[in-house]
2 protein chains.
Amino acid sequence: MKVAKFGGTSLANAEQIKKVCQIVMADRDRRLIVVSAPGKRNKEDTKVTDLLIAYAERSLAGEPTEEAKQAIFLRYREIVADLGLSAEIGQAIEAELEEVLANKAGLSTERFMDAVKAAGEDTCAKVVARYLQSLGEVATYINPKDAGMLVTDEASNAHILPEAYAKLATLREREGIVIFPGFFGYSRAGDLVTFSRGGSDITGSILAAAVEAEVYENFTDVDSVYVVNPNLIANPKKVTEITYREMRELSYSGFSVFHEEALIPAYQADIPVCIKNTNNPSAPGTMIVAERGAATNGVSGIASDGGFCSIYVSKYLMNREIGFGRKLLQILEEEELSYEHTPSGIDNISVILRERDLTEEKEQRIVERIRRELFADDVAVQHSLALVMIVGEGMRQSVGTTARATTALAAAKINLEMINQGSSEVSMMFGVKAEEADRAVIALYQEFFGGEEPVVSSSSQAASISV
Amino acid sequence: MKVAKFGGTSLANAEQIKKVCQIVMADRDRRLIVVSAPGKRNKEDTKVTDLLIAYAERSLAGEPTEEAKQAIFLRYREIVADLGLSAEIGQAIEAELEEVLANKAGLSTERFMDAVKAAGEDTCAKVVARYLQSLGEVATYINPKDAGMLVTDEASNAHILPEAYAKLATLREREGIVIFPGFFGYSRAGDLVTFSRGGSDITGSILAAAVEAEVYENFTDVDSVYVVNPNLIANPKKVTEITYREMRELSYSGFSVFHEEALIPAYQADIPVCIKNTNNPSAPGTMIVAERGAATNGVSGIASDGGFCSIYVSKYLMNREIGFGRKLLQILEEEELSYEHTPSGIDNISVILRERDLTEEKEQRIVERIRRELFADDVAVQHSLALVMIVGEGMRQSVGTTARATTALAAAKINLEMINQGSSEVSMMFGVKAEEADRAVIALYQEFFGGEEPVVSSSSQAASISV
């Protein structure tokens, strides 16, 4: 049994939905299908989810909502018509949608917003189920409440509850194809709550874990994950196979293919994830697995992310002071800041954090507190840093990866503000000035993938083809 | 005005003391002289301080002490005789020493131990003063209590009290040469308290800061600091000039020339420190200064230290958890462990600490607490690590130092368990397996100092000659 999830562009119009259904029907193991809300049909288009949010905001503000509502209906009407579904089916689906949009009474602002947003996926799932039925398939829409998708009661940021898995596992027994709307579940009290934005990936991952799927296929609009941002390198090498840990490190630093939280259920249940392209389903895609073959290049991806800053603290004999680091981190915690890394020398430590979290006011207060409470000799904040990461499971076993990377960076005249590589890690991190990040990534790509270097895990390509 | 401190081997016998006095008399600016207790005359010899400790332990244990006492007296009698001082002077000095050794009544164990230990330096200072007088010099022994060396009341681990400096500054006004015993001061209550072992360096540094000396000369038995441990490289390059920060980083990782704490007062008062050789006073020695000239090699020293271990902790999405790092460090703090570094990836962090501090019992408890309280996915302790450090102020400005270092290490087939280099740092740290540390140091020395590389700061050698 396979769980297949389709993203917004895969469901943007009838033509795309037809592709989706062809993909589903091409493999009888694809029995649990998770759908997003219809996405953009072209660059200027608006996603249905954004139309729904606009509607909800107007409604909550007491402004006229008719136009906003019609914009939503129009999208689905077009899809229903172009799929050749009957007017009755269209009207029935629209009536249920209208009921959700109208049902504001008795709901808190947050609950109403979540309910309206979720209607995008929910309606889409109904449409897809109807279309598959029209093709003669045994296909059923299922409501997440009936399916047992029990989540925490955090509006717009739900998390799955452990007890949900047992009931969801029974989806395995259902006959035919089950169409499951992504993005939301229900609290123990029965209220609809959505995951964080883009959370249909999470729904798919949870279902794949629950039914112990042989694979979780995540259909999007790219052929595969690339070893580097295609905006920096034309036609970069593709990643055919990558581990959960590698993917997680790359997601963190700018790879936005897959929702960060979505890997967790699949990872915990050891379900391989396959990133595939709805528009090119015969391409092998990228497999995310627990372990890769050993016969691979040490490096599997290069990424960078800007918007970091560092707080540098020095104090003579700091490292003999028990509790210094803990107190420093406590100050950050009291300012509700999470941090990324803490490279340190003997008498100094730098805390790397996201710049967006550090308001000017917080910065002043933190610097002042470090001086006053920790008696630091020196405190300095450096802004506009980028972190460049090389990720690869095989990296540590291969003596010389660091040498190759730093030599390439030195040749590109990039100064390293910071290096961080811990034991048992699958990544190496370089702190550079933001304006040098792109050049750093390009230099590293050329070193590890340019020229004669083989594509990452090309030797295991056969194994990674999932269809 | 110069403060000159002489170490134990410089005062081991009359011949050495004569050298010391010649050095003192050769420069009229050497007006404040700090002396250690007589050290070893040869490899098999025992330092006077160790004789004193043995005496105090026997005395405290109620065992016969006569033999132990005579061994101490014998050392000073020989020195007094060989210096040609009169029997009266010898008897007077010995009487004062005997009084200290006998004065156990009313003192706590710790106080008695400190008083006896300090007698080594105190007696030596009296002898040196008498000898200089015999040569016609205006020389005075001064007692640290009279001089105002006010310290905290921590037995065998005193620290200077800030208010001491004003009174000590008046030493500047004294006529002739002042001989000051190192290693101890007096608490506010008037009790004698010693610094930590080797603390005569601290006395000298405090005095140099107090009198605003033009230089603090620290006479020992080596010509200079070397860029690497001479046990690993025959005739290594000498360091002619080094900054306080560089020295501190090197002291931390195996350079034992200078007491770790002793740099602080000099550093704070910006007094240059010169490490010189009593047995070869015309050698320029090593200058420790606030800033070095720019025209120097990027690297000024290479050191390594073993006995480290790492606690590796991984947890999926760790970096989104505010307070994770703080809680981890709090567990260590509650176990009274200080740590050295915390290199980290996205979802993992390693804590590097001294192996000697981590008993088996503590290790078990900590691993268990990390699992239970932090819900870590994985906790692993790696033993027998060494930290190899490259230190140099100019390192960060020089693009490519990291590349050279890691390439040299890769060529020597040394696997890097960890790399740590923070912003604004003067050092780069590599974690390697303990058994590979020496090979790593040698490879780095050959890269940065072997072959055609110039001696560190050789270009500024003229400026660094302090006499």
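Quick reminder: no glycine exception, Cβ is built from N, Cα and C everywhere.
A quick note: this is a predicted structure, and the numbers were derived from the prediction, not measured.
Using a 10 Å Cβ-Cβ cutoff, A:Tyr226 (ATP binding site) registers 22 neighbours. Secondary structure at A:Tyr226 (ATP binding site), as computed by DSSP, is strand. The annotation ATP binding site is assigned in TrEMBL to A:Thr220, A:Asp221, A:Tyr226.
Summed and averaged per residue, pLDDT over the domain 'ACT' (A:390-460) gives 79. TrEMBL lists A:390-460 with the feature domain 'ACT'.
Each of the binding-site residues A:Thr220, A:Asp221 was scored by other CB atoms within 10 A of its CB, and the lowest score goes to A:Asp221.
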